[in-house]
Amino acid sequence: MGEEEQRNCNGRKEGRKKSKYAVACSIVGSIISILMGYDTGVMSGAMLFIKDDLKTNDAQVQVLAGILNICALVGSLTAGRISDWVGRRRTISFAACIFFVGSVLMGLAPNFATLLVGRCVAGVGVGYALMIAPVYAAEIASAESRGALSSLPDICISLGILLGYVANYLLAKLPLIYGWRAMLGLGALPSALLAVGVFAMPESPRWLVMQGRAEEALAVLRRECETEDEAQVRLAEIKTAAGLAVDSAPGVAAPKSSGKGVWRELFVHPTPPVRRILVAALGVHFFNHLTGIEAVLLYSPRIFKAAGIATRNEILGATVGVGVTKTVFILAAILLVDRIGRRRLYLSSLAGIIASLACLGLGLTVVERSAPHHAAQWAVVLAIATVFTFVASFSIGVGPVTWTYSSEVFPLRLRAQGTSVGVAINRLINATVSMTFVSLYKAMTIGGAFFLFAGLSVVAAAFFYFLCPETQGRPLEEIEQVFSHGWCAHRGKVPAVEMRKSTVAEGNAKAQP
């Protein structure tokens, strides 16, 4: 009995070690998202100094804010095909190289035109980062930890935003000509390190199988799985999902391994489950930024100024608080997403978003209609407090679940390019919001703009409730079956994953010579 307990104890330790390996791989793969978040966070404060130094007007500020997302469309739409061609790991390295070039151009920009070019280059890197980080994390993780690990890119984005806010606060004391350039140029250093360091990570085992490199995939799976049997079974499941026979010979690539024909299957001749997957995955990206999160993050200095915070240091200090709030609540989401499920977390998050936006709109409307420096104290407090409750509500659900959900629902053969289309939709809506928010709030008041976002969030809640079934606990290879139940699959509890055990036994039998 003692020996058996000792073996069980050793097995649990080995399992934890292998689980840590998958976590470490996902963390390194998600570092690219820190660079993207840093660019977003640092630009919110840098724009205050750019306007003073380069004498930019509101139209130029909006273009500078939104052009990154327009260029991210190019990156995201090409990243899927590139990652199917050269692999997930090399795509992360390529994205880091693009960020490096963009950061150098912005840090050395002598004028607005050069700054805009650097921002465009960085935007292409953003498109690559947003597509590849969640896909790599989802493909390297087990079903039990996939929600948390595929949320890592979002926590890294938040950490990057926070670092950007902190850089704004610390570097604001430099002379005007150097301050904002140092803020933007700092991103070049971690980009260079990541471009090289990423090759210490393993390649995605699912991509390796698609390329006919099953032995390499099995070697990666052995480092992730607790037992040899589990590694063999996961390899068998991946082969089946890729359209390969379980006993296929080494070197046989999967159909569509280079990404050809994927768009036809997605948009021209989709099966009913693929059509539902496409609507769900693109829909969550469509509504992600219609909640107004980009307006709050990018223009938080203006919002705090409108709420009555006066000095530049106080405004930048308040934005640091926003970054801390976002990071803390995404950490909470990582702990919850695999425990309570995607649907409950997302819908609860939207309830908080709707309430926060309504209160923020009310507070800002009262402040705006009051005489300067004579606004009701309750309205000022309400406006400032609800910025933080809005960011907290978004960060604990809608933010991370969007990336987790969209990266896990597509079948393996469609995942990279399907995710890239979702990222393109995300960036398009992000660009629309960031490039029009100043004009929007001038046309309908800043309070009215947030009432509009509250209404759009209600529509988002209805969409997710009716069209997005639960995927918690499902292996990636089984999720397509969830969407075969029809649009109303959410009404009943999705059947528990019992077939996993039977697949294990069946896969073992087929994998044995």
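Cβ atoms are placed via backbone N, Cα and C, with glycine included.
Panel annotation: around the transmembrane segment (21-39), residues 68, 88, 92, 95-96, 99, 102-103, 122, 125-126, 128-130, 132-133, 136-137, 140-142, 145, 149-150, 152-164, 167, 184, 186-187, 190-191, 194, 197-198, 200-202, 223-224 of the same chain, lying at least six beyond its termini, place a Cβ under 8 Å from a Cβ of the stretch. Marked as transmembrane segment by TrEMBL: 21-39 (among others).
Annotated domain 'Major facilitator superfamily (MFS) profile' per TrEMBL: 25-472, in sequence order.
Among the features that TrEMBL reports, transmembrane segment is placed at 59-79 (among others). Remote same-chain residues near the transmembrane segment (59-79) are listed as 39-40, 43, 47, 50-51, 91, 95, 98, 112, 115-116, 119-128, 130-132, 298-299, 416, 420-421, 423-424, 426-428, 430-432, 434-439 (criterion: CB distance under 8 Å, separation of at least six residues from the stretch ends).
If one looks beyond the transmembrane segment (91-110) by at least 6 residues along the same chain, the residues whose Cβ comes under 8 Å of a Cβ in the stretch are 29, 32, 35-36, 39, 75, 79, 82-83, 117-125, 128-129, 132-133, 136, 181-182, 184-188, 191-192, 194-196, 198-199. Under the heading transmembrane segment, TrEMBL lists 91-110 (among others).
The transmembrane segment annotation in TrEMBL covers 116-137 (among others).
Sequence-distant neighbours of the transmembrane segment (149-172) (same chain, 6+ residues past either end, Cβ-Cβ under 8 Å): 22-23, 26-27, 30-46, 49, 129-130, 133-134, 137-138, 140-141, 179-180, 182-183, 186, 297, 312-313, 316-317, 319-320, 322-324, 326-327, 330-331, 333-334, 337, 395, 399-401, 403-404, 407-408. Taken from TrEMBL, the feature transmembrane segment covers 149-172 (among others).
Feature annotation from TrEMBL assigns transmembrane segment to 178-201 (among others). Same-chain neighbours of the transmembrane segment (178-201): 25, 28-29, 31-32, 34-35, 38-39, 42-43, 45-46, 49-50, 53, 89, 92-93, 96-97, 99-100, 102-104, 106-109, 115, 118, 122, 164, 167-168, 171-172, counting only residues six or more beyond its ends whose CB sits under 8 Å from a CB of the stretch.
When Cβ-Cβ distances below 8 Å are used as the criterion, the transmembrane segment (277-300) is approached by residues 40-41, 43-44, 65, 161, 266-267, 270, 318-319, 322, 326, 350, 353, 357, 387, 390-391, 394, 398-399, 401-402, 405-406, 409-411, 418-419, 421-423, 425-426, 429-430, 432-434, 437-438, 449-450, 453, 456-457, 459-460, 463-464, 467-469, 480, 483 of the same chain, each at least six residues removed from its ends. According to TrEMBL, the transmembrane segment annotation covers 277-300 (among others).
As annotated by TrEMBL, transmembrane segment applies to 315-337 (among others). For the transmembrane segment (315-337), the list of distant contacts is 41, 44-45, 147-148, 151-152, 154-155, 158-159, 161-166, 168-169, 172, 296-297, 300-301, 304-305, 309, 345, 384, 387-388, 391-397, 399-401, 404, 472: same-chain residues at least six beyond its ends, Cβ to Cβ under 8 Å.
Look at TrEMBL and you will find 344-366 (among others) tagged as transmembrane segment.
The transmembrane segment feature in TrEMBL is assigned to 378-403 (among others).
Marked as transmembrane segment by TrEMBL: 424-443 (among others).
What TrEMBL lists as transmembrane segment is 449-468 (among others).
Here the transmembrane segment (344-366) sits apart from the transmembrane segment (424-443); fewer than 3 CB pairs are under 8 Å, leaving out pairs fewer than 6 apart in sequence. Across the domain 'Major facilitator superfamily (MFS) profile' (25-472), the model assigns an average pLDDT of 84.
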